[in-house]
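Asker: For reference, TrEMBL lists these features for the protein:
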- 66-93: domain 'C2H2-type' (DOMAIN)
- 94-121: domain 'C2H2-type' (DOMAIN)
- 122-149: domain 'C2H2-type' (DOMAIN)
- 178-205: domain 'C2H2-type' (DOMAIN)
- 206-233: domain 'C2H2-type' (DOMAIN)
- 262-289: domain 'C2H2-type' (DOMAIN)
- 290-317: domain 'C2H2-type' (DOMAIN)
- 318-345: domain 'C2H2-type' (DOMAIN)
- 346-373: domain 'C2H2-type' (DOMAIN)
- 374-401: domain 'C2H2-type' (DOMAIN)
- 430-457: domain 'C2H2-type' (DOMAIN)
- 458-485: domain 'C2H2-type' (DOMAIN)
Amino acid sequence: MLLHAGYKPHKCNECNYSCKQFRYLKRHMRTHTGDKPYKCSECNYSCKQFGYLKRHMRTHTGDKPYKCSECKYSCSQAATFKFHMRTHTGEKPYKCSECNYSCKQSGQLKRHMTTHTGDKPYKCSECNYSCKKSGNLKSHMRTHTDDKPYKCNECNYSCKQSGNLKRHMTTHTGDKPYKCNKCNYSCKKSANLKSHMKTHTGEKPYKCCECNFTSASASHLKFHMRTHTGEKQYKCNECKYTCKQAGKLKSHMRTHTGEKPYKCSVCNFSCSLAKNIKVHMRTHTGEKPCKCSKCNFKCADPSSLLMHMRTHTGEKPYKCSECNYSSVDIGHLKVHLRIHTGEKPYKCSECKYSCSDVAALARHTRIHTGERPYKCNECNHSFSQAGHLRKHVQTHTGQKPFKCNECNFSCIQIGNLQRHMRTHTGEKPYKCNECGSSFTNKPNLIVHMRIHTGEKPYKCNECDYRCTQSSSFQIHMRSHRGEKLVQVLKQKSI
């Protein structure tokens, strides 16, 4: 019997769904009954349609029959391949009726529309979590069960989402199939390429309804909204840590487990965060992709660039509750607070030296090893500290980027400028706990404290002389050089 176009005789008793063939209705009914008759023989996966099972099996076999003729990309699903091809053609057939947003997938448009409606139809039965995608809810539920069904064949890594496993596998293969047609950028995730492309177009379609914040990424807007709500829905079972992102909780848990799944292929370095291994690899390649828009500064990671930018803006968001100290970096504030507590957790295995900063211990250790890893490209000088090399390099360039706005003083380091400014302000932030004396810089306080402790670290090899200051020691040593000169002159006159 011929059916006229649009005729759908098979109707669902539970909803308004109708279709042309009974087998489609039978398949649809499983959305109401929850029946999943197709089961994977390799894992616990089950589904409502045989086609879904067929696609799922490729995660076990590694079969990727769909191959791109433009790049090396291949995948296991025809629909995924169709979406990928749009990264080459630039086609965005799905358009938002509320704004100028357009995208490559109908699912992306549906998710985007919720930024206008605010709708989050998928709700967790264990907590207050709700989301816009059923897949996100499914992944979230594993935070309650701790189920990690996706396992790496190369190492012990396991995870809760197939996408995370795919991304992890690229740490073994190094594959970056998604390439920008505007610049040399390439990445492991299509979503990252999509976000990157907005750096060329300047597009920021996601807008905050509370303030003027706009973003190129829906996830960034989602995280931003929590600055208004204060929501921290992810909680650690081991301590009181809470956070706004599931990924941050996962990273935090490694501080308890000690897990460092990301390993360097060149040296023995390993770490708990994917972004840290990426930054570390640049120490081998020499790559410095982060550039300052104000000066010639370049660095390997965005956080270093952010801190550097504060040297131009003067911003110091991290403030000490005990004194007037403020810093561009929270790590510096943590180290500074140990001045008040007296804590020195880092101890040298060769001598009695202890300090409040792990970087200071690394620098001190080079006194024993004699290591000077920082080498000048202009001359034969080498140094035990990166800061010393930076200062030295400026003796070749003559550059003094830090200038005083009160006088003509200029210098190579911002720290020197900060100390100089105290000659104008009269500020003496470093105070002695024993007598109340105060000083403009920390080295002067350290020297002063030796009056109270009796410490005399500078020892003469020629006699029993000892003193508290390097300058006094240098003056004393000249007395020996003078004695030797007199003896030489006497011998010549004989």
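Just so you know, the numbers here start at 1 and follow the chain as drawn.
Using N, Cα and C of the backbone, Cβ positions are placed for all residues, glycine too.
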Asker: Is the domain 'C2H2-type' (122-149) packed against any residues at least 6 beyond its ends, judged by a Cβ distance under 8 Å, and which are they?
Answerer: 43-45, 111, 114, 158-161, 233-234, 246, 249
Asker: Using DSSP, what is the helix/strand/coil residue split across the domain 'C2H2-type' (346-373)?
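Answerer: Computed counts for the domain 'C2H2-type' (346-373) are 12 helix, 4 strand, 12 coil.
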Asker: Tell me, what is the mean pLDDT of the domain 'C2H2-type' (122-149)?
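Answerer: A mean pLDDT of 81 is what the model gives the domain 'C2H2-type' (122-149).
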Asker: So what's near the domain 'C2H2-type' (206-233) in sequence-distant terms, Cβ-Cβ under 8 Å and 6+ beyond its ends?
Answerer: 111-112, 115, 127-129, 195, 198-199, 242-245
Asker: Taking a Cβ cut-off under 8 Å, which residues six or more beyond the ends of the domain 'C2H2-type' (290-317) line up next to it in the same chain?
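Answerer: Answer is 275, 279, 282-283, 326-329, 401-402, 414.
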